[in-house]
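Features reported for this protein in TrEMBL:
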- 20-40: transmembrane segment (TRANSMEM)
- 52-71: transmembrane segment (TRANSMEM)
- 83-102: transmembrane segment (TRANSMEM)
- 108-132: transmembrane segment (TRANSMEM)
- 144-163: transmembrane segment (TRANSMEM)
- 231-251: transmembrane segment (TRANSMEM)
- 271-290: transmembrane segment (TRANSMEM)
- 297-319: transmembrane segment (TRANSMEM)
- 368-386: transmembrane segment (TRANSMEM)
- 392-410: transmembrane segment (TRANSMEM)
Amino acid sequence: MLKLLGKWLKIYEDEISLFFWVLVILFFIRTSSILFNNFAETAFLKRYGVEYLPIVNVVNSISTFFVMAFLTGLMAKIPGSRMLSYMLLFCGTSVALLRFVVPLGFDIIYPVLYVLKAQYEVLLALLFWNLANDLFNTRQSKRLFPLITAGGVMGGIIGSFATPPLAKLITMDNLMFAYLITTVIGAIVVKKMGAKFPTLLLSDKKGKKAKKKTSVIQEFKNIVPLIKESTLVKALILLTLLPNVIIPILNYQFAYTVNSAFATQGGMLSFFGYFRGCMNIVSLIILLFVGRIYGRWGLPIVLMFHPFNYMLVFLAFLLRFDIFSAMYARVSTNVLRTTMNNPARAVLMGLFPLEYRAMIRPFLRGTVVRIGILLGSGIIMVSEGLFSPRYLSIVAMTFVGGWIATSLALKKSYSQILLDLISRNMLDLKSLEEKDIGSVFADKQIQSGLVKTFLSSRGDDCLWHARILKSQGVKDLDSHILAVLKQNDDKTRIELLSMLSPDAGEQSIPLFRELVAAENRDLTVAVVKAANRLPAGLSHGFCKEVFETSQDPDVKAYAVTGLYNKSPDEYKGVIDSWLSSDDLSEKRAGIIASGETGNESYISRLKGMLEEEEDSSILPFILTALHRLKAPEPNSFATPYLTHSAESVRLAALEAFDLKDDDAIRTAIGLMDDSSERVCKLAQEKIKTSPYQNAQILVESLNIPRRKVREGIFVLLESLNIKDLDMFRFARSQVERCYNYLAEMEGVRLLPEGQERDLIIDHLENKKHIELENIVRVLATEDRSGQMRIIWRGLFSTDAR
C-alpha cells in the first residue's frame, strides 16, 4: 500500500519512511498551533480588549528580535531534531502551567498568551523547516516539500474544525491542556524519528558555528550603497515596508469587527475554528491544484494584484464595517499572498547574485519588516480616541496608494532595471527555476528591449538573448534569428539555426541557399536540419537542390530526410540502398538518414548492423540512430560499447545509455574514470540530470580507489546536496550485510569439518572485513577532521601494534 502511494506521489521507496515521519511531525505542529491560536486570540479579545492589540503587536515585534537571536545561538549548539523536540515540550509545558494562573484573575496573562501563540508558531515552524532542510537535499525538497506542507495544512484543518466541539467538551480554558497533549505527541514523534535515523542526533559544531549578528547600524551601512546603486533595491524596500505598515491595521480592523459581531467568547471561538478551517481548505486546494500562476504575466503586473485588492479591502471596510468585509479581507489577501505576491517577490529577490541577497534579505525581513509593523501599530495607537477604527481605512489607503505607485513605477522602469542588471552581469538566473525565469522576462516591454539588444549582438551574447527570447515564445523570433544570421560567425549560426521553429516560413529559404553556398559542411548540415523542420511542401525544393548538388554523404543524408518527410515511399528505397551499400560513406549516410526518419521499422535492421559491423567508425552513427529512433531497452545494445577503444563510440553509447536503476548508475560512475575527459563529463552530467536518483550508490562509490571517480562523486554530492542521512543509510545497510555474513559463518560452522567448510568461512570472513573497511573508508572521506582516517588506518593496519 505504501509503495503504491509512494509511486502515485512520486516518492522513492527509500524516502517513504522518512517522508511520513516528517509529515506527521508537521501535522501535529500545525494542529497544536491552530488550537492555541484560536484560544489565545479569543481570550485576548474577549477578556482583555481589542483596543490593546496595537501595543501587543509592538511588544511581539520587539520580542521576536531577541527570541530569534537567542534561538540562533541554541541552534548552533544543539542538533535540529533534539532542538525541535525540546521546543515542543517547552511550548506545551509553559502553556499548560499558565492554565493554572488563569483562575487567579491576573488579566495580564491574556496579552502574554497572545504574544506566546505568535512566537511559538513562528519558532516551531522555523525549527521544523530547518530540520527538513537538513534531512532532504535540493532535488528531494522540490518534490516532497509541497506534499509535506499539504500535511501541515491538513493538521490546520483538523485543528480548526476540532476547536469548537473540543471547547464544549472540555471547556475553553482546557484547550491549553489540549495544546500540551498535541505538542507532547509531536515531541514523541520527533524522538522516535531520531531513534530510527540516529544521524539526526549528530551535531557538527564546526559546520554549524553561529554567525556573528550584524547590528542594525551596520545593516544600514551595508545596504545604503546598494540603495544608491540599484533601483530594484529601492523598490524591494518599499514593497516590503508598505505592506507591513498596513498589515497591523488590517489585523486590528479584522479583530475589531469579529469582536463586535460575536457577543460571547464561545461564539467567537466557533467562528475562528470554522472560518480558519475553511481557510485552510482553500489553502490546500491552492497548494495541490492551482500552483503558482504568476508565470502567466510579467512580475510587475503580478505584483500589482495584491495592492489593488488591499485597496478594495479597505474600501469595503470603509463602506461596510462588519464581519462580511472582514471575511473577504482575510480570504482574499491570504489567497493572493500565497499564489502571487510571495512567489513573485521571491523571484524578484532571486535576480540578485548570492552575495547581494545575503545582505538584502536579512535587512528586508528583519529591519524593514519591524519598522513597518511598529509604524502601523503606532498609527493605530494614535488614532484611538480620535476616530472610529472604521476610518483607519482612509489612512491605510494612503499607504496602499504608495504601494500601488511603487508597483507602477517598477513596471515602468522594469525593462531598464533588468537590462541594467544584464549589462553589469548582476543577473543571477542559475538560482531560479525554469518557470521562474519565464516570469522574469514575461513583461512585453522587457521582451522588446531584449529583441533590440539581440539584433545588435554577436557570438555568445547573441545566443544568450536568443535562448531567453525562445523560452518566452516571443512573436516573430524566427524573423529576428534570420536577421542576425548574416552578422555572426559560423559557430554561432549553427546554434541559431537549431532554434528556428517550423514556422520560420518561406522567407528562410533564400537565406538558406546563401548559407549553403558558403560550402561549410557543418553549417550546411545545420541549415538542412532547420529546413527539415519546415512543412514538407515548403522545404522539398530546397532539400532536393542540396541532395542533387552536394557531394558530401552526410549532407545528402539529412537532405534525403527532408525529402522522405514528403515522399516516404519514393525515398525509402534510397535510404535502403545506402544501408546495403559496400561503400562506407554511403552506408554512414543511410544510417544517419534512417535515424532521422523516425521510422521504427529501421530499429531491428540497425541492431543487426550494430552486431555485425566491424568498422568502428560506423558504430557511433548506428548507436546515435538507434537513440534517435527511441529504440526499446537501450542499455541492452549500448552497454557493450561503453568500454570500446574509440572515444566517439563510448560517447555515442553513453548518450544512448539509460540511467534507470542502481546498476546503471554504478556503470555511469565507473565511466567517470574514463581516459576521455568528454566521456567523464557526460557521465557526470547524466548522473546529475537523471530522473532516477539513489544517493546511497554515490556514497558507496566513494570507496572506489580511483581519485578521478572520487573527485567526480564529491562534485555530484555537492551539487545534489546529499545529506548526512544518506551517509547513515549507507553505513546501516553495510553493517546489516556484515551481520548477515556473521550469521552465515555461524551456520556454516555447524557443518562437519572439512576443507570446503573452512574455505567458505574464510570467504565470508573476507567479505565481512571488506564491507567493514568500506564503511570506515567512506566515513573517512566525509570527515574533515581526519579522525576517521586515523581510525581506519589503525583498524585495518597490517602492523599488530
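Heads up, the Cβ atoms here are built off N, Cα and C, so glycines get one too.
As the structure is a computational prediction, the values presented were derived from the model and not from experiment.
Using the rule of three or more Cβ pairs under 8 Å, pairs at least 6 apart in sequence, the transmembrane segment (83-102) is not in contact with the transmembrane segment (52-71). Counted over residue pairs separated by six or more positions, the transmembrane segment (297-319) shares at least 3 Cβ pairs under 8 angstroms with the transmembrane segment (231-251), which defines the two as touching. Segment contact holds for the transmembrane segment (368-386) and the transmembrane segment (392-410), given three or more CB pairs below 8 angstroms at sequence separation of 6 or more.
When each of 52-71, 108-132, 144-163, 231-251, 392-410 is scored by its Cβ pairs under 8 Å to the transmembrane segment (20-40), the top-ranked stretch turns out to be 144-163. Contact check: the transmembrane segment (231-251) against the transmembrane segment (392-410) gives at least three Cβ pairs closer than 8 Å, residues 6 or more apart, which meets the contact criterion.
Counting same-chain residues at least six beyond the ends of the transmembrane segment (108-132), those with a Cβ under 8 angstroms from any Cβ of the stretch are 22, 25-26, 29, 33, 36-37, 39-41, 43-44, 47-48, 52, 55-56, 59-60, 63-64, 67, 71, 75, 80-81, 83-84, 87-88, 91, 94-95, 98, 101-102, 141, 145, 148, 200. Relative to the transmembrane segment (144-163), the listed stretch 271-290 leads the set 52-71, 271-290, 392-410 in CB pairs under 8 A. Among residues of the same chain six or more beyond the transmembrane segment (271-290), those with a C-beta under 8 A of the stretch's C-beta atoms are 34, 37-38, 41-42, 146, 149-150, 153-154, 156-157, 160-164, 258, 261-262, 327, 330-331, 334-335, 338-339.
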